[in-house]
Amino acid sequence: MHGLGNQYIFINCFDVKLEEKELSLLAVEVSDIYTGIGSDGLILMGPSDVADLQMRIFNKDGSEAKNCGNGLRCVAKYAYDYNLISKKVMTIETLGGIVQATVHPDDAGSVLLVTVDMGKPRFQAEQIPVTGVSQEGPIVGEKIEVDSENHEMTVVSMGNPHAIFFVDDIEDAPLMTLGPKVEKHERFPESVNVEFVQQVSGDELHFRVWERGSGVTQACGTGACAAVVASVLNGLSNKGEEVQVHLAGGDLYITWDERDHVWMKGPAETICEGTYYRKNQRK
Ligand SMILES: N[C@@H](CCC[C@H](N)C(=O)O)C(=O)O
């Protein structure tokens, strides 16, 4: 399935039990475009004690992340389409917290659009985590040195960490150069997702992402949420107003509301389904 081209392999773990120690390797294996299926990572859906279902997300490099916005919309669609959950509003447990997703089926009953209440952004340096921060509270306009040059970033956690850089022209954003260097920068002990944002107006921005553990992807839902929060913190957008975010794979609509919750609305699509026989288990 994919959300705006951010593509994952989804496994229904209500039906199958996978070995914990195999998961990271399985993510690397299925994500490989040449020797696997090809994706930005692996997502597992299973039962939860505290929500309607649980989502776990592994990046392409096998690292486990705590949240995934595009993945959440796909999980909600899958759960509704395959009747795992028979209600339109459902709660999903992630390692980054519990979120609430609402599916919007069309007249034929198929879910094309999903809204997710992503909860509150987090700003404390230890929650992100980021070190050497020179300010209390939201981390805005924070200097970071890369190759002896200073850059300004805003740092936000949406359950997973994001460093946002504002640029004048999205086409010239240093995605391939600054992206990997900031991702692995020593100030981010757990690495970080890196986003570039060109503000068009208060309610519109362009966005590109270098994802932790996956590199350049077509879209990042948590990243788009973090970008809108960063835009409000920098005085470029207004709290309570919906912002249209243009990603490489299409548009998301994000609102940081007066209750401090971030809402994400966007599409989710199924590509195909089937059985994957692991190479080393084939008979
Ligand atoms: N693409 C996702 C985020 C996936 C996890 C991320 N790479 C991380 O390591 O935190 C999204 O849509 O949010």
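Cβ coordinates are placed from backbone N, Cα and C, and glycine is handled just like the others.
TrEMBL names Asn6, Asn59, Gly69, Asn70, Asn193, Glu211, Arg212, Gly221, Thr222 as substrate ligands; from the candidate set Asn160, Asn238, the record adds Asn160 to that same site. Asn6 (substrate binding site) sits 10 Å from Cys68 (active site, proton donor), taking the Cα positions as reference. Cβ proximity to the substrate site centre (mean Cβ of Asn6, Asn59, Gly69, Asn70, Asn160, Asn193, Glu211, Arg212, Gly221, Thr222, cutoff 8 Å) flags the following additional same-chain residues: Ile57, Ala65, Asn67, Cys68, Gly71, Val209, Ser214, Thr217, Cys220, Gly223. Counting other CB atoms no more than 10 Å from each candidate's CB, the active-site residues Cys68, Cys220 peak at Cys220. In this structure the C-alpha atoms belonging to Glu211 (substrate binding site) and Cys220 (active site, proton acceptor) are separated by 8 Å. DSSP assigns Cys68 (active site, proton donor) to coil in the three-state reduction, outside any helix or strand. Residues Asn6, Asn59, Gly69, Asn70, Asn160, Asn193, Glu211, Arg212, Gly221, Thr222 are the ones the record ties to substrate, and the longest Cα gap between any two of them is 16 Å.
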